[in-house]
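Q: First the structure, then my questions, so here it is.
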Amino acid sequence: MFGADSVATDYGSISSIHSREREGLIKAVSDVSDEETSGDTTKPYAAYGELQALLDEGPSAWTPDEERRVRMKTDWRVLAWACVMMFSLQINRMNIVNVLTTDIFTDLNMQPNDYNLGQSIFVTCFLLFEIPTQILSTIIGPEIWIPTMMTLWATVGFLQTFITDKTTYLVTRAFLGMCQGGFIPGLVLYVTSFYKSNEMSVRLSVIWTTNHMTNVVSALLASAIFELDGRLGWHNWQWLFFLEGLATMAIGISTYFLMPSFRRPVISRVFTEREQAILRARVILDDSSKAKAMERSRSAVMTKFGIKDVFNAVTDKYLVPIFILGMLGFVPSVASYQFITIILRNLGYSTQESNFLSIPANTLLCIGMVTAAHFSDKYRRRWPMPIIAMIWLLPFLIVELALPDDTDRWIRVFCLTFIVGFPYFTPVLMSWVSANSNDQHKRALAVAIYNISVQLGNIISANMYRADDAPFYRRGNSILIGIVVFNICMALFVRWFFSRENKRREEIWGNMTELERIYYSSTTTDVANQRLDFRLHM
C-alpha cells in the first residue's frame with residue numbers, strides 16, 4: 001500500500017530444504033563467508049583500539065560503573081554542546097519575531113504582508129533543503145557539515161544588520177532557510193549515534209527543552225539590546241541582528257573544534273581509549289546499523305543515496321504511520337501555541353500580561369516533554385505517548401468548545417494553559433523513527449522526512465484559527481477534537497500493525513534452523529527494517 005519493497009526471500013523454500021540438500025546449503029554458506037572475507041584481510045575496527053574485542057565479548061566486557069561513566073561523559077560532551085548548537089539555531093530564528101515590536105516596518109518601508117511573504121519564503125527554502133542537506137551531512141560528516149551550516153546562517157543573520165528594503169529582507173530570509181534547512185535532522189542523527197535506542201528520547205527532549213527555553217532567553221536579550229537604539233546611528237533592530245549574529249558566529253566557529261566525532265578514532269580527549277571503545281561497542285551492540293556512522297569513505301557513502309532511496313524512505317510502510325503522527329499529532333496544541341498571545345489579547349489582557357501568562361504553558365510543556373520521554377525510554381514503548389498526550393488535550397478542547405461566551409476569562413486561560421502545555425512528544429517520535437530505520441542511510445533520510453512532516457503540521461496549525469471564527473474559535477476547536485480522535489486511532493493502529501509484523505517475523509525465524517538463519521543473513525536482499533532478524537520497536 002505504501003510502496004515499500006516487499007520481502008524478497010522465499011522463506012517457504014528455505015524451510016522445506018530436505019536433508020540431502022543440507023550439504024549443498026552448507027557449501028553455499030561457506031562460499032558466501034569466503035567471498036565476504038577474502039577481500040578484506042584487515043580487522044574492520046583496527047583503528048578503534050579494543051573495540052573489536054569488546055564487540056566479540058559483548059556487554060559483559062565492561063562493568064555497569066564503566067558504562068555509567070561513559071554515558072555521563074557523553075551527556076556532558078555531546079549532549080551539552082548539542083544544546084548550545086540548538087540555542088544558536090533558535091536565537092537566530094527568533095530574532096525576526098523579536099524585532100516586530102520595533103519600527104522595522106517603517107524603517108524598511110515594508111508592510112505586514114511583506115513580513116508574511118518573507119516567512120513563507122523562509123519555510124519553503126527550509127523544507128526544500130531538508131533532505132539535500134541531510135545527505136550532504138552524511139557524505140561530508142556531521143562534524144564538518146553542521147558547524148559549516150551554523151557559520152553560514154550566523155553570517156546571513158549578521159548581514160541582516162544591513163538590510164535596507166523589502167528586497168534585501170526577502171533575500172536574507174531565503175538564504176537563512178537554505179542554511180538552516182536540515183540542521184535539526186542532522187543534529188538528531190548525530191546525537192543518536194552516541195546513544196542506545198532506549199536512551200534517545202530523554203536526550204532529544206533535553207535538546208527540545210533548550211529550544212523552547214531559548215524563546216524566553218531571546219525575548220529577554222532583545223529587551224536589553226533594544227536599549228542601544230540610536231547608538232552609532234543604528235536602529236535597535238540593527239543592534240539585535242549585529243550582536244546576535246556575532247554571538248552565533250562565534251558558536252559556529254567554535255563547533256569546528258568542540259564537536260566530538262563518532263567517525264574519528266579519537267571521539268574526544270575527555271574519553272580514555274577504553275571508554276571510547278565502550279561507547280562505540282554499547283551502541284553498535286544495541287543497533288548494528290550504527291556501525292556505519294564510523295564510515296569515512298566518502299565514495300562508499302555517496303553511492304548509497306539516490307531518488308529511489310528517498311522514495312523508499314518516504315513510502316516505508318513501517319515509518320509512514322509515524323510520519324503521519326508527526327504531521328498531525330501536534331496540531332491540536334500548536335494551533336493554540338501559535339495564537340496564544342492573540343487569544344489572550346482577545347480576552348482583554350495587555351501585551352505584557354499576555355506574554356507573562358504564556359510562561360506557565362511553556363514551562364508545563366517542557367516538564368511534560370521530558371517526563372514523556374523518560375517513561376518512553378524506561379519502558380521501551382513509544383506508541384502510548386501520543387495517546388496519553390491526546391487524552392490530556394481532549395477534555396480541555398471540549399470545555400473550550402462548550403463554554404458560553406460570558407464565561408470568566410480565567411477559566412479560558414486555565415484551559416489554554418493546559419492545551420499549550422501538553423506532553424510534547426516529538427522527541428519520542430523522532431527516536432522511534434531512528435530506532436525503526438535499522439540502517440544509517442535510511443535513518444538520515446527518515447529523520448529529515450519526519451521533520452518535514454512536523455513542519456507541514458505547523459502550516460496546518462497556522463491555518464486552524466481563522467479571523468471569522470474569533471474570538472473563541474469554536475469551528476477550529478471542533479476540527480482539533482476530530483484530529484485528536486484520529487491521532488488516538490492512528491497510534492492504536494501502529495501498535496496493532498507492529499505487533500502483528502513482529503509476531504509474523506518471530507514465527508518464520510523460529511521455524512528456521514541455525515544453518516538456514518546463517519544462509520538468510522548471508523544472502524537475503526531484505527534491507528533495513530524489512531529484515532527477518534529485526535524487530536520493530538513499539
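Just so you know, glycine gets a Cβ as well, placed from its N, Cα and C.
TrEMBL lists these features:
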| type | residues | note |
| --- | --- | --- |
| DOMAIN | 78-503 | domain 'Major facilitator superfamily (MFS) profile' |
| TRANSMEM | 78-97 | transmembrane segment |
| TRANSMEM | 117-137 | transmembrane segment |
| TRANSMEM | 144-163 | transmembrane segment |
| TRANSMEM | 169-192 | transmembrane segment |
| TRANSMEM | 204-226 | transmembrane segment |
| TRANSMEM | 238-259 | transmembrane segment |
| TRANSMEM | 318-344 | transmembrane segment |
| TRANSMEM | 356-375 | transmembrane segment |
| TRANSMEM | 387-404 | transmembrane segment |
| TRANSMEM | 410-433 | transmembrane segment |
| TRANSMEM | 445-465 | transmembrane segment |
| TRANSMEM | 477-498 | transmembrane segment |
Q: Are there three or more C-beta pairs under 8 angstroms joining the transmembrane segment (318-344) and the transmembrane segment (169-192), sequence spacing 6 or more?
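A: The answer is no, given that the two segments have fewer than 3 Cβ pairs within the 8 Å cut-off.
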Q: Pairs of Cβ atoms less than 8 Å apart decide it: which stretch in 117-137, 356-375, 387-404, 477-498 has the most with the transmembrane segment (318-344)?
A: 477-498
Q: Do the transmembrane segment (410-433) and the transmembrane segment (477-498) share at least 3 Cβ pairs closer than 8 Å, excluding pairs fewer than 6 residues apart in sequence?
A: no
Q: As a test: from 78-97, 387-404, 445-465, 477-498, pick the stretch that has the greatest number of Cβ pairs under 8 Å with the transmembrane segment (144-163).
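A: It is 78-97, which has the most Cβ pairs under 8 Å.
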Q: Report, as numbers and ranges, every residue of the chain located at least six residues beyond the transmembrane segment (387-404) whose Cβ falls under 8 Å of a Cβ in that stretch; write 'none' if there are none.
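A: Non-local partners: 329, 332-333, 368, 372, 411-412, 415-416, 418-419, 422-425, 472, 474, 477-478, 480-481, 484-485, 487-488, 491-492.
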Q: Mean pLDDT, the domain 'Major facilitator superfamily (MFS) profile' (78-503)?
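A: Per the prediction, mean pLDDT sits at 88 for the domain 'Major facilitator superfamily (MFS) profile' (78-503).
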